[in-house]
């Protein structure tokens with residue numbers, strides 16, 4: 001595996017292998033006072049973010065540093081991108097400096113694929129990891145979500161996973177649908193008609209407008225943020241009406257199965273798609289998702305950058 005651009009790049013066995021590797025990293029680091037491994041010593045990793053990020057960027061940086069890599073962060077707002085430099089020239093510059101991997105977030109769908117073609121023609125050059133490209137894909141988020149589900153429930157196959165919210169603009173939902181359906185989960189999308197993607201009837205999912213009907217027997221309920229920064233025009237009448245119909249209230253949380261878990265890829269809008277108290281409830285796995293993000297991204301960097309003879 002040279003790059004990680006989309007969940008569709010991975011076979012079922014490769015997905016399971018990455019989940020297992022992430023669990024191994026967690027086990028190795030657990031209880032260590034100094035969380036440091038020599039696995040990527042001498043490797044150089046660039047994070048190149050054209051959009052804001054807290055969880056993804058900081059967890060990739062932490063993952064790289066815990067593996068002893070040199071991690072260099074570049075923000076588009078403070079680089080030559082601000083002067084008009086193209087994605088191609090930015091990528092080639094980082095490659096010439098000596099990048100072993102470039103982790104990129106970009107507002108344009110397909111940008112990660114383009115970068116990989118620019119910097120690694122014929123497979124020679126740095127690995128590219130897609131940290132989110134427009135509304136297209138966010139493969140590392142889907143992998144850490146699957147890791148969290150597996151840790152909480154013991155399996156993924158046969159589970160009913162209900163994803164609620166802005167499915168239209170979400171790259172997370174696209175990656176999760178691909179991954180969870182590959183691993184044998186039943187995936188249901190719940191949203192108002194205006195926030196479901198065109199062609200969703202051709203996806204390997206069911207879709208519904210009725211949150212209460214679908215979450216009653218759900219094993220996992222994943223809430224999504226309304227991405228107002230990607231919206232032009234009105235997609236729902238008001239925030240209050242949206243929260244009433246599609247928010248995870250205390251009443252809805254109380255009606256879930258005892259074993260059901262609640263997830264959210266973040267950032268959360270407390271009081272809109274999730275109640276303030278529910279966000280901190282024991283069944284809510286948000287902070288476990290964040291913690292797993294580091295171990296999952298360590299596994300990804302290990303697979304792409306460490307080399308075939310490397311050991312943890």
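Cβ atoms here come from the backbone N, Cα and C positions, even for glycine.
The carbamoyl phosphate binding site annotation in Swiss-Prot covers 55, 56, 105, 138, 141, 266, 267. The annotation L-aspartate binding site is assigned in Swiss-Prot to 83, 171, 225.
Report note: the carbamoyl phosphate site is defined by 55, 56, 105, 138, 141, 266, 267, and the residues of the same chain whose CB lies within 8 Å of the CB centroid of those residues, excluding them, are 53, 54, 131, 132, 172, 265. Residue annotation for carbamoyl phosphate gives 55, 56, 105, 138, 141, 266, 267. The furthest Cα pair among them is separated by 16 Å.
The secondary structure of residue 267 (carbamoyl phosphate binding site), as reduced to three states from DSSP, is coil rather than helix or strand.
Note: the CA-CA distance between residue 141 (carbamoyl phosphate binding site) and residue 171 (L-aspartate binding site) rounds to 9 Å. You'll find the Cα of residue 266 (carbamoyl phosphate binding site) roughly 12 Å from the Cα of residue 171 (L-aspartate binding site). For the binding-site residues 55, 83, 105, counting C-beta atoms within 10 A of each C-beta gives the highest total at 105. Using a 10 Å Cα-Cα cut-off around residue 225 (L-aspartate binding site), the binding-site residues 55, 56, 138, 267 reduce to 267. Annotation: 266 carries the greatest number of neighbouring Cβ atoms among the binding-site residues 266, 267 [cut-off 10 Å, Cβ to Cβ].
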